[in-house]
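First up is the structure itself, then whatever we jot down about it.
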Amino acid sequence: MKKHNIVLVGGGSTWTPGILKAMTTHLEQFSLNKVILYDINKERQEVIGKFAQILFSEEAPDVEVIYTTDKEVAFKDIDFVFCQIRTGGFDMRDRDEKIPLELGVIGQETCGPGGFAYGLRSIKDMVELVRDVRENNPDAWILNYTNPAAIVALALDKVFPEEKRILNICDQPVNLLRSYAKLIDYDVDKLEPVYFGLNHFGWFTNIYDKQGKDRVPELKQKILAGGFNPVDAEQRSQSWLDTYAMVKDMLEDFPEYLPNTYLQYYLYPDYKLSKLDPEWTRTDEVRNEREQKIFEECNRIIENGTAKDSKVVHNDAHGDMMVEVAASIANNWKQTFVVMVRNNGIVSNLPSDSMVEVHASLGANGPQPYAVGEIGTFYKGLIENQHAFEKLTVEAYLEQSYTKALQALTLNRTIVDAKKARKVLDALIEANKGYWPPLY
Ligand code: NAD
Ligand code: G6P
Ligand code: MN
């Protein structure tokens, strides 16, 4: 089996320890020669980098592990790029969430104006990253998790239309699948999902078990009767528990399919707004919980010189999925994953240039999506509106167009009113100086 060279971009991310751990537990499926961690933040990179060297020296001593802030070192002889960066860091995520909330609209990392603001920051870095990687690695696979993944995916598709080896992925469908599997007490690896939509904007229509039985009816019944919890509920913050609980509300109103949790912001903006606190948003929670925990734990491991007793770097869905996606490509296993691809008729009554999120078989030739066919009017209406928002966001960036930015925000279901959209846009322009291109 070929041994791969991989680079983790955003090597100082809070998710990196979990991915590294997943790499050490999947060596038989995805064998490694060299792991490079690359980040622009030297301090963060050093902590996670030292942790990585300790982890691998104990679990996979044959694998070379280096960390760097030098692109020249990072992007050489690479087979796979795993990418998860946050342009502007948590300081700017804080602004994405709080500025809209102060103006009376939803503030969230990937949805509504927060996702719009983050999108305009991420596009620049992601385009640059693809160019940097491609300089010396024409065939490397670029697996991207960077949010807002919907907007990043659309922008990369527009800027690099001939690219066949960039794959944008989100772990939420698999997080949900794991939670459904627990609810029906079934092995998640034996469930085959049927899914359609855009990223953070989709639905499971069917979930087949090994015998070919669709388990969605039973799942709906269970959720309607007893509510819904994430599989890893004990590790989740209150806001995530609240998010999962909203699935029941969505099913009560729209009982046809199982919704992605992110749809709550678009379907119930007034209610969600009443529950969000502009003084304390998800950024505060992450900084106090995940970020603090990860860096404290990595520092402790560095001090002790061993990762053997570590609790933090457990095998979460995120790390597992990232490595399993790479393994399915590397070994041409053609396993099913829910991923983002250019529509091109997969959902026959949606625009062909939209980046849909659908179930696909994933092998050496990349994702081969399954046909979805026509979708119902309600879903088509919602998705076309959201796609128009995403497309105008990308065009606003590429054309530096204020008008398109205003059109995008006006279309977004979390805003609707154009005067409100203008206020939010002007405040976000001010906050994002130096990150966004100027809009005219
Ligand atoms: P984080 O801030 O802890 O980590 C991001 C890291 O990226 C930081 O260390 C930062 O210095 C680095 N970085 C920023 N710009 C960079 C650049 N241009 N090049 C290299 N490194 C750069 O954030 P986090 O909470 O760990 O999340 C990381 C990213 O992963 C976010 O975009 C988040 O939304 C995304 N994410 C996506 C999914 C998904 O399902 N698609 C799941 C989890 C996380
Ligand atoms: C889910 C989403 C991701 C998001 C992640 C973490 O997995 O699919 O897109 O980045 O949650 O969100 P958090 O608010 O915990 O940083
Ligand atoms: Mn996601």
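Using the three backbone atoms N, Cα and C, a Cβ is placed for every residue, glycine included.
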Per TrEMBL, ASN147, ARG282 bind substrate; matching candidate in ARG93, ARG95, ARG236: ARG93
Binding-site residues near GLU109 (site 'Increases basicity of active site Tyr'), in sequence order, restricted to CYS170, HIS200, ARG282 and a 10 Å Cα cut-off: ARG282
Cβ-centroid neighbourhood (8 Å) of the substrate site, ARG93, ASN147, ARG282 excluded: ARG86, PHE90, ASP96, GLU97, GLN108, GLU109, THR110, GLY114, TYR118, THR283, VAL286
Recorded positions whose CB lies under 6 angstroms from ligand 3, from ARG93, GLU109, CYS170, ARG282: CYS170
C-alpha spacing of HIS200 (Mn(2+) binding site) relative to ARG93 (substrate binding site), in angstrom: 17
ASN147 (substrate binding site) and CYS170 (Mn(2+) binding site), distance between Cα atoms, whole Å: 9
